[in-house]
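Listed in TrEMBL:
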BINDING   A:Cys639, A:Cys645, A:Cys679, A:Cys683  [4Fe-4S] cluster binding site
BINDING   A:Cys683  siroheme binding site
DOMAIN    A:791-847  domain 'RGS'
Amino acid sequence: MTGSTSQLRIVVVGNGMVGHHFVEQMVQQSVACDITVLSSEGRLAYDRVHLSSYFTGSSAEDLALTTEQTYQDWGVNFVTNAMVSNIDREGKTVSANGVTYPYDVLVLATGSYPFVPPIPGNDQDHCLVYRTIEDLEAIESSARQSKVGVVVGGGLLGLEAANALKQAGLETHVVEFAPQLMAVQLDPAGGDLLRGKIEDLGVQVHTQKATQSIEAGESCRYRMVFADGTFLETDLILFSAGIRPSDALARQHELAVGERGGIVVDNHCVTSDPSIYAIGECALWENRIFGLVAPGYTMARVAATTISGGDLAFTGADMSTKLKLMGVEVGSIGDAHGRTPGALAFTYHNQAKGIYKKLVVDAAQKKVIGAVLVGDTSDYDTLLQYSLNDIALPEYPESLILPSAGEAPSLGADALPDTATICSCHNVAKIDIVGAIDAGCCSLGDVKSSTKASTGCGGCAALLKNVVDRELEKRGVEVSKALCEHFNHTRQELYHIVKVEGIRSFDELLEGHGEGLGCDICKPVVGSILASVWNDYVLDPKHLPLQDTNDTYLGNMQKDGTYSIVPRIAGGEITPQKLIVLGQVAEKYNLYTKITGGQRIDLFGARVDQLPDIWQELVDAGFETGHAYAKAVRTVKSCVGSTWCRYGVQDSVGKAIDIENRYKGLRAPHKLKFAVSGCTRECAEAQSKDIGVIATENGWNLYVCGNGGMKPRHADLFATDLDSETLIRYIDRILMFYVKTADRLQRTSVWMDNLEGGLEYLKSVVIDDALGLGAELEAQMQHVVDAYQCEWKTTLESEQSRKRFRQFVNTQGTDSNIQFVTEREQIRPATEAEKRSGEARIPVEIV
Amino acid sequence: MQVKVDYVPEWHDVCAESDLVPNSGVCALIEEQQIALFAVKLEGEQKVFAISNWDPIGKANVMYRGILGSVKGDPVVASPLYKEHYSLTSGQCVEREDASVMVFDIKLENGRVWVAV
């Protein structure tokens, strides 16, 4: 066999999602190893979680998680259709298809198989299961010769499978033994509501049915006879009644297995044989099988780390889930059934809207221990945080699930437990920050240098500042509100100074109100203020040095110094012709393409010197900048709305495009995201946006100050049934008031929470014009709207501006450190190791 | 016994003074080395600085695209990737003692920019 004796020989049996993840993790470890993968399937790993998308057009290639080429590039040996016949634990070899593979470490990632209940007649041609792509092919071919399909099992997978049958055009039934659907995750009331919703979608549900036999049918191929004497005729039967660990190999070779199956592993995923590991659904940890992919991935990491000599333990996994089943939102957290002794429940049931929420708290009413959400899972993230971190409940726990008819309690710095992770890049918890302050750090900068918090992606900067400020205040330290060492003012104060004194440049402001040279904190802040107040071209020579590199080069810098390009696609609406242009440009410049969350297309891997040429082609084709690089209004996401949708009540796309075109490029203290939904089903997820608009029969409901990201927050209902003119007037006023008064990098949600009086105060300012600012705010917004220009178009028109994009001031040429390799048929930045080994290639420009 | 070899940098005529961007950076390729050139107004006087363009923490050639500023009076550039500050005079990273960038001599003569590499 291949591999020298100095390398660790690892044989992996199974190449499902978890087995593949293990290989991926192992390749990244710095241990020299020789990996052989034995897969019983005909293809390498693919995405089983999204199997049902196979019926909506995804191909096996789309579902693939890797390619044979990638494994070859990694130097991983693999054998498909490999049937492992023997493990020689003494001699440490594995035999498959007549070949013997020696190992130092054997990893079993054999997964699970679908459980088929022992019903007479269950082995007929059109009795199928739902696990592999081959299963799907069998279902597809059977469905072509069938009119009616039945899924046996009303659990999570069963409903997924029912969706697949429905997609295939069959009259679909679900037969469940228990009295309700999803009995593991939901309580009876939640299960009932889910049943109603699924029946509304045309799937017939039969609960409390025990199938006794499968016989020949009269109107259909088969007849399922139930214990209660009733029957159901169908052409196709799909069993989805749970999974069983594939532990046959382990049993055969006398590894310890659980009473009800599963290969017993310890905290490091080691089986009863120290040279053999088991991970994923075949592994039994503390008498539990974990049938979700995330815990499987964790096990893969644990095994790879342990094998490489590192220290990582598997400590169980949270099995909370949030998903959409046939468009119905379902969430389940922790002890959903309230089985913990003394558990108390709060429920909210809105039959009219089809929403059910149950909050389960402990006997002392101190913490969240479980929850059930059907029809609306917007509270899921918050509830999960409460449950995972044992955060103390608010005074009225029910406020966590009731529709926000006022102030929804938000989590402030003090509410976070000591163990809450603040910076996930460097794994810094709140207690580490408190410790650093106790040890003498007395500023945000000190805390950052000492703990490294917020020095990775920087996404936690605002949260970190909150925690530090709060901790310093508690210790009686007067927290300076100064922006940085150069200005002894807040952003809001600087905004007023700029406005009142008519200041038009950074130097002018620094001279009159600051000291030193400025820095990367105050310069972009002042740049943003100048842009919001005057809306000058951001690359005007006097503003240029103020901008972050993203603003300077009008692109998003990536880790290798290249940029990504996001043209504006207002409302997510794009013509086929423009899509073709994007494809052609990406192909010509060899850019990696990815769809963004804001319904746009991101083109990655452009060198700074390529940006003007690329944008010239985009501008010529009618595109304009998307401001993805700026703290500005980004996108207005929309659902398709009443134009096409059966349920839509207003033209949400048209409204989204109007709104996006009005506010595009508005500079703000933080990026802003909007959305417009065409009906109350809320497909555009407007309630997770800074500005969310939802169509009603009578007009538009306006939601404000929501956000996704690190600390998701649900938007608050601001006003209902607005006509278009009032809607725009309110948005004008809200945005301008935010731009004028918010702190640096302060999101709309935090800004509003910090306004004294919060939402009610904001309403009084905007709706009742309590400050008499309304007309002024609108006029300022109109000025900004009128002064809009596409920054790329302006840049391309000036030879001087184009010069900025040269890589070198003294010679032609490009940065030789930018190198790419191919992954999933597209480029990605080469790793340092790949660059050293010369595997990477420098991009070749096609002229 | 140690043999000490002194490496003597050589002056290179790189570009025109007008190629520099006030209070911002450009990049030059000199002897196969990428060097970031900055023009900073210090106490009313135009000063120029040259440091390596390689970001030792972000591991990419990007330093010239950072924002200029000062920390306690010392002119610095902030890495555009992870925002660490590097002294333009010493090359020392402000946040991390173990990180620094090379600093090169630079001068202006008759409207030309000269760098010693």
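Each residue, glycine too, has its Cβ placed from N, Cα and C.
TrEMBL: automatically predicted annotations, no manual curation.
Overlay of TrEMBL annotations on the structure.
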residue	record	DSSP class
A:Cys639	[4Fe-4S] cluster binding site	coil
A:Cys645	[4Fe-4S] cluster binding site	coil
A:Cys679	[4Fe-4S] cluster binding site	coil
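Take the binding-site residues A:Cys639, A:Cys645, A:Cys679, A:Cys683: by the count of other Cβ atoms within 10 Å of each Cβ, the lowest one is A:Cys645.
Here the domain 'RGS' (A:791-847) has a mean pLDDT of 83 out of 100. Apart from A:Cys639, A:Cys645, A:Cys679, A:Cys683, the [4Fe-4S] cluster site neighbourhood in this chain, defined by C-beta within 8 angstroms of the site C-beta centre, holds A:Val640, A:Gly641, A:Tyr647, A:Gly648, A:Ser652, A:Ser677, A:Gly678, A:Arg681, A:Glu682, A:Ala684.
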